[in-house]
Amino acid sequence: MLCIVCSMANCKKLRLKDAALKRLLSVVVVTLLGVLLLIVSLRTNTTPGLSELDEDLSEITDIQSFSEKLNLPKQNEFSIRLAKINQMPPRNRDLYPKLAKDHITIVLYVHNRPQYLQVVVKSLSKVVGISETLLIVSHDGYFEEMNKIVEGIKFCQVKQIFAPYSPHVFPDSFPGVSSNDCKEKDDAGKKHCVGSPDQYGNHRSPRIVSLKHHWWWMMNTVWDGLKETRGHNGHILFIEEDHFIYPNAYRNLQLLVSLKPIKCPDCYAANLAPCDVNLRGEGWDSLIAERMGNVGYAFNWTVWRKIHRKAKEFCFFDDYNWDITMWATVYPSFGSPVYTLRGPRTSAVHFGKCGLHQGQGQTNACIDNGSVNMQVDDIDRVANIRPEWGVHVYDNQPGYKAGFKGWGGWGDDRDRQLCLNFAQMYHSYNTSLSAVTMS
């Protein structure tokens, strides 16, 4: 009888241990699920690095078949991954869940000058109203140091896009360098190489033509491709990695955009800086209407449609600079002067001291002592444009005009066709543009 009692006691203890173990396992499982859900939640508010792209992106548009239909260059794996990242939502939506109703989207286009980028990002962080808007950073290819700087931005919503057809993404094929490409002044017939020279007899340099390719790809993508900006009727501001932005820039731009239909209805755009990058403004009590500049310029979808319709002029003009191409052939084709409206004091400054593909490291940086000491006065910290001001118009300003033949660097038929293809990316194949070929 004693043995039976002892056995029953032992059985009861075992059952209690089993129940406790099951409760412990339940707690562990629930905890692990909670951690996994937290990780997933955090990932939705970050832009993944290239190593983090996984099956979640497999649901996104089949990029490769899309490019094949448009006769774009065959993408490598790297290019496809960049194109998929472009479809990811902006970061920092948890910090800034709503954009201001009248916000002006800012597009910052960058190449590979990290010291420059740090300067412009720091200046943007001090811009009044920056948290109200969306910042889109367009990269000419992928460079880890540039990517890390942008990932560190916390002062507004940020979306990164990467040019998937950048020459920097194709190390051994067009649009990059191909083994059988003609170089410098090679004779294609004698060398049996591929390429057509520019008007000066020089063959393409991939890292130089990337400047114009990136700008044109970016414009088509921002206005017609991205979910966040496609069909946007308002103005969009475009700045570059070597533009220092003053604290009052955004508020001044909002004023210029609101005043433009009244003060200068024929103006195509609004600018934060004078067309002459060496000037800081007149200091008058007057608005200024002048030729459109390339530092801190903003225009709307209507103007973009006019530019897009001139794709052939843009893509066939033999100059690797997008801005000179616009001044010398696109704007003149509009049939009337292309004015922009700005204030009498600059709200943005071009601080770069050297070219696009320089200043990429500590030893060869183009910034004095590795930093920019830009004077910002009290008047530059608040909006300094007055609605009651009149408009002073500059006529017949010096600069590139119709008749200029271009500096060259853009004579290869492949670059011109790729440029035309970018203009078709987000449009029906039945448009008149699709009929434009290299023949």
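Think of each number as a place in line: the chain as shown, counted from 1.
Every residue gets a Cβ built from N, Cα and C, even glycine.
Sequence-distant neighbours of Asp140 (substrate binding site) (same chain, 6+ residues apart, CB-CB distance under 8 A): Tyr109, Val110, His111, Asn112, Ala163, Ser166, His168, Ser210, Leu211, His214. Under the heading substrate binding site, TrEMBL lists Asp140.
Residues or ranges marked as Mn(2+) binding site by TrEMBL: Asp242, His350. The 10 Å shell around the Cβ of His350 (Mn(2+) binding site) contains 17 further Cβ atoms across the protein chains shown.
Summarising the annotation, TrEMBL assigns disulfide bond to Cys182-Cys193 (among others).
TrEMBL lists Cys264-Cys267 (among others) with the feature disulfide bond. If you take the C-beta of Cys264 (disulfide bond) and look for same-chain residues 6 or more apart in sequence within under 8 angstroms, you find Leu287, Ala289, Tyr339, Leu341, Val391.
Feature annotation from TrEMBL assigns disulfide bond to Cys315-Cys419 (among others).
Residues or ranges marked as transmembrane segment in TrEMBL: 21-42.
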Near Cys419 (disulfide bond), how many other Cβ atoms are within 10 Å of its Cβ?
22
Work through the disulfide-bonded residues one by one (Cys193, Cys267) and point out the residue whose CB has the fewest other CB atoms within 10 angstroms.
Cys193
Alpha-carbon spacing, Cys193 (disulfide bond) to Cys315 (disulfide bond), which is rounded to whole Å:
23
Which one is it: of the disulfide-bonded residues Cys267, Cys315, Cys419, whose Cα lies the shortest distance from the Cα of His350 (Mn(2+) binding site)?
Cys267
Top Cα neighbour of Cys315 (disulfide bond) in the set of recorded positions Cys182, Asp242, Cys267:
Cys182
